[in-house]
Amino acid sequence: MDVLGRHIIAELWECNLEKLNNIDFIRDTFVEAAVLAGAEVREVVFHPFAPYGISGVVIISESHLTIHSFPEHGYASIDVYTCGDKVDPNIAVKHIADALESSVGQFREIPRGMGPVNAKPIQKIK
């Protein structure tokens, strides 16, 4: 069955604590991951929290990559969602997990848009 998108949710544990709290490293890693996966980067926004932790998003033409890091737990919550078949989200997730030096990871891929994609809209989209 065809899907409109692929959404990978990654739970990364036992990550490098310093890297989880380094906004420049996280930002660069996520942009690299998007490019390596074949995506076109549109916007990049990352925000540090006090006393530690980072949340951020890389908006790609094909959807997005996000992170919420919890250095105090050695944990990062990662989402990589891609539309179409040009981008491989698994490449992005692997790059991120390797860069963060995660020794324990759980990954789940969710096919998106498998529902009634041929349904008629209730309203016309302008």
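Positions of Cβ are set from backbone N, Cα and C atoms, glycine also.
In the shown protein chains, 20 other C-beta atoms lie within 10 A of the C-beta of SER63 (active site, schiff-base intermediate with substrate). What Swiss-Prot lists as active site, schiff-base intermediate with substrate is SER63, and the listing cites sequence analysis.
Taking the Cβ of HIS68 (active site, proton acceptor) as reference, residues of its chain lying under 8 Å away and at least six apart in sequence are, in sequence order, GLY53, ILE54, SER55, ALA76, SER77. The active site, proton acceptor annotation in Swiss-Prot covers HIS68.
Neighbour density for CYS83 (active site, proton donor): within 10 A of its CB lie 18 other CB atoms from the protein chains shown. According to DSSP, CYS83 (active site, proton donor) sits within a strand segment. The active site, proton donor feature in Swiss-Prot is assigned to CYS83.
According to Swiss-Prot, the pyruvic acid (Ser) annotation covers SER63. In the three-state DSSP scheme, SER63 (active site, schiff-base intermediate with substrate) is classed as strand.
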How long is the line from the C-alpha of SER63 (active site, schiff-base intermediate with substrate) to the C-alpha of CYS83 (active site, proton donor), rounded to the nearest angstrom? 6
Would you mind pulling the DSSP three-state label for HIS68 (active site, proton acceptor)? strand
